[in-house]
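> What Swiss-Prot records for this protein is below:
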DOMAIN    8-290  domain 'tr-type G'
BINDING   17-24, 88-92, 142-145  GTP binding site
Amino acid sequence: MARKTPIDKYRNIGISAHIDAGKTTTTERVLFYTGVNHKIGEVHDGAATMDWMEQEQERGITITSAATTTFWKGMAGNMPEHRINIIDTPGHVDFTIEVERSMRVLDGACMVYCAVGGVQPQSETVWRQANKYQVPRLAFVNKMDRTGANFFKVYEQMRTRLKANPILIQIPIGAEENFKGVVDLVKMKAVYWDEASQGTKFTYEDIPVELQASAEEWCEKMLEAAAESSEELMEKYLGGEGLTEEEIKKALRQRTIANEIVPMLCGTAFKNKGVQAMLDAVVELLPSPLDVPPVPCELEDGTPAVRKASDDEKFSALAFKIMTDPFVGQLIFFRVYSGVMKSGDTIYNPIKGKKERVGRLLQMHANEREEIKEVFAGDIAAAVGLKDATTGETLCDPDSIVVLERMVFPEPVISQAVEPKTKADQEKMGFALNRLAQEDPSFRVKTDEESGQTIISGMGELHLEILVDRMKREFGVEATVGKPQVAYRETIRKTCDEVEGKFVKQSGGRGQYGHVVLKLEPQAPGKGFEFVDAIKGGVVPREYIPAVEKGIIETLNSGVLAGYPVVDVKATLFFGSYHDVDSNENAFKMAGSMAFKDGMRKAAPVLLEPMMAVEVETPEDFMGNVMGDFSSRRGILQGMDDIPGGGKIVRAEVPLAEMFGYSTGLRSLTQGRATYTMEFKHYAEAPKNVAEAVMAAKAK
């Protein structure tokens, strides 16, 4: 079966936004206009096609990114057919991991902003992730029909809060209930969508007189941005020659792909205006797989290489999501970077070192599925029958092995004990938790060795709440959940130049002998643990050095203050001794562990607690209450902003330990009129009284 769409007509994009910016509605409209959905699904009715887990429909928020393939020929039907693969990403901060995964496999993104709320905290997080993976993007300002809608305010916020370089390619005609359509600055025409046809028909008309001056001013800024793409265009522009529509689009495309500008559009997805033009911009301004750099990878021997987006190259793909489908079992979503793969082919997973046979291949459309026979470079599809692959792993041709760069996932900041309600739930719970942890690398499951309890950890209260809920719905496991626990850490503040660990056992027969001397030093926050081998003259034989490191690493799991994991310490092994007969790996492992524990005690150990960046949007009357409450929660105020049309945004850094149950507290402080978002910022040293209380609680 030959390729249906040439690769230069592919667009792999994400639609990304803050909660409630109307992203799922926007995606729904995209599916409607591209002819896939004949009845528009409304999030308000809990019927949206992309939000396909029961919980998402109940909560009205998107949790898992569904991948959908659609086709578009332009809103006027005059473009060659393009294949748009859309990954719908969640906007809630507890699901940042989902956004991060999808950014990794996208070529471009549409950032959806609310015309009233503007650039909100989560928008900044998503923006940083898109910067990290250098994803070219467009901005779509949605909800132009809402009271308080202000397109130009969002433009200013993008410049100040995101440090972006937005370029308007449209301006709105009216706002709030008077929002009628847009002025297309490239064509310098007004565009009106027909409401009776749900926006499938539209007309170009002259620009309203009252907008002419504003349209000319913004058009000039856009032309200047386009002209900066090359010297010849700049000369033409400065010489007073007009630029053709073709030249403008080509120049804007070039600068968008280079991440130098962010073209900005507007509309209201709910009222069927503007999404059609956004789709045109996706095709005209965002990159195809050929426009982005070839994917970097490593060969088997570790040499860096690249794989080009071509069917003629050997097959390579990246698994970016695992989902359990009620009908076909486990689905692995992957992005093909190079080559072709057919169902039934054998592929290799270099991270696991295993070959696997691909069962069925599915093209997903939200939660509908179509079986396909093969996938080509640039495709996003799902495979059934891969048992070993997990998120972030490479799938490649067994005869040409490469590893695409691995994804790095954040450490969880919150834990809860979870217990099955009945004996029958016990086994099912283990299975369910492992399945969920496989799907979501930011969710961890472990058994507490002392209490025997099962501990689940994640990125926030909502994250864990939803996972426990899924356990009940999808796996039928009833579980009781303990109080949330903070994931504290321990580290040291001083250097301990010399600390000795000696493990000697003499009890008849062969003894045990291991002796090491370490130096411990604090590392910069976030640097993690580092082991340095500085042994000279073989005082500790080569073969025992890994055992010393292993002993230290095992000790890292449980610090000396309250048994929390130890971070940001450098341990240098520089001296020791051994015995010809009695020394063995175990003895050196024990010696390493003893030395490290002793060194920790001498190096001014401290307790670290996770600090959260909290933003509260509140009416002005309650601002004093909110700020006073932050102080009582050991919060440090970071600043305030005005919300146009009244209200304030208060920003603070607050220890996670003080934030449990905050949503209830905030509701009663502000009569339910404030909203907040919270995300993990960094670890900071806990004050002495807090550390003592945590240690006392652990000692009980």
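Just so it is clear, glycine is given a Cβ too, placed from its N, Cα and C backbone atoms.
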> Given a separation of at least six residues and a C-beta threshold under 8 Å, show me what packs close to MET144 (GTP binding site) in the same chain.
ALA115, PHE151, PRO172, ALA175, GLU176, PHE179, CYS266, GLY267, THR268, LYS273, GLY274
> Summarise the model confidence on the domain 'tr-type G' (8-290) as a single mean pLDDT, whole number.
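A mean pLDDT of 81 is what the predicted model shows over the domain 'tr-type G' (8-290).
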> Inside 10 Å of the Cβ of ALA17 (GTP binding site), count up the other Cβ atoms and send me the figure.
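Its Cβ has 29 other Cβ atoms within 10 Å.
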